[in-house]
Amino acid sequence: MTPILNHYFARINWSGAAAVNIDTLRALHLKHNCTIPFENLDVLLPREIQLDNQSPEEKLVIARRGGYCFEQNGVFERVLRELGFNVRSLLGRVVLSNPPALPPRTHRLLLVELEEEKWIADVGFGGQTLTAPIRLVSDLVQTTPHGEYRLLQEGDDWVLQFNHHQHWQSMYRFDLCEQQQSDYVMGNFWSAHWPQSHFRHHLLMCRHLPDGGKLTLTNFHFTHYENGHAVEQRNLPDVASLYAVMQEQFGLGVDDAKHGFTVDELALVMAAFDTHPEAGK
């Protein structure tokens, strides 16, 4: 077994077999989502997010941090390829907030070809991300551990939607064109540095739970969801509490010499927002 697989399996607490089949893909997808949190802290610190072969693995796997789509799906793609899966990355345009104009390609997702079928896998779309692969088939409702999704085909494009309280909400649109490393670097740079990028204006964190729930942080506001409904919400009183919740609830590593961060560094990040613990939303 290669070093990255050893490290990755230890990170997600995987001890089973890893055959190249749909059962393995489903199990790894869910394990990843439930162990490695989505988070954008490096954008805010700020630290440059590197996408070379080693950097995402060092950060998300070795240092036990989280990351966003370019890192999350970059690591997952490499793991799947090491296992023998036929996988490649795609780039999508995020339309979740109904933008007035077509946005740039800033979301990385995965296309897996397996057993004469094509599947979409995505461990990096935050709180609404897939937690299981879905078939690349149009207008088919597909159930995952955390909700229902469907794909719609519009010409050469595909649109991923999720069922939000009986209303279908579009998340992003993509095509199947092959992308280059420079395309991911460009999308990553734009996401981290464009002044209006939402990653620059809020602390965002999410970890899914095996029972179908999820935990989220938006600035100082912590929420625990079950079956799509909030069962616990609280505003954390101070940065020390936020720092503790990141470690205890999201499993975030903070001690790594390169990728860790101190409570004082976190305090500087949170002071930059036009919000305070009592009103964190």
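Positions of Cβ are set from backbone N, Cα and C atoms, glycine also.
Between the listed residues Lys214, Lys258, Swiss-Prot assigns N6-acetyllysine to Lys214, with no corresponding entry for the rest in that record. On its own chain, Cys69 (active site, acyl-thioester intermediate) has His107, Arg108, Leu109, Asp122, Gly124, Phe125 as residues at least 6 apart in sequence with a Cβ closer than 8 Å to its own Cβ.
Between the recorded positions His107, Lys214, His107 has the most other Cβ atoms inside 10 Å of its own Cβ, all protein chains included.
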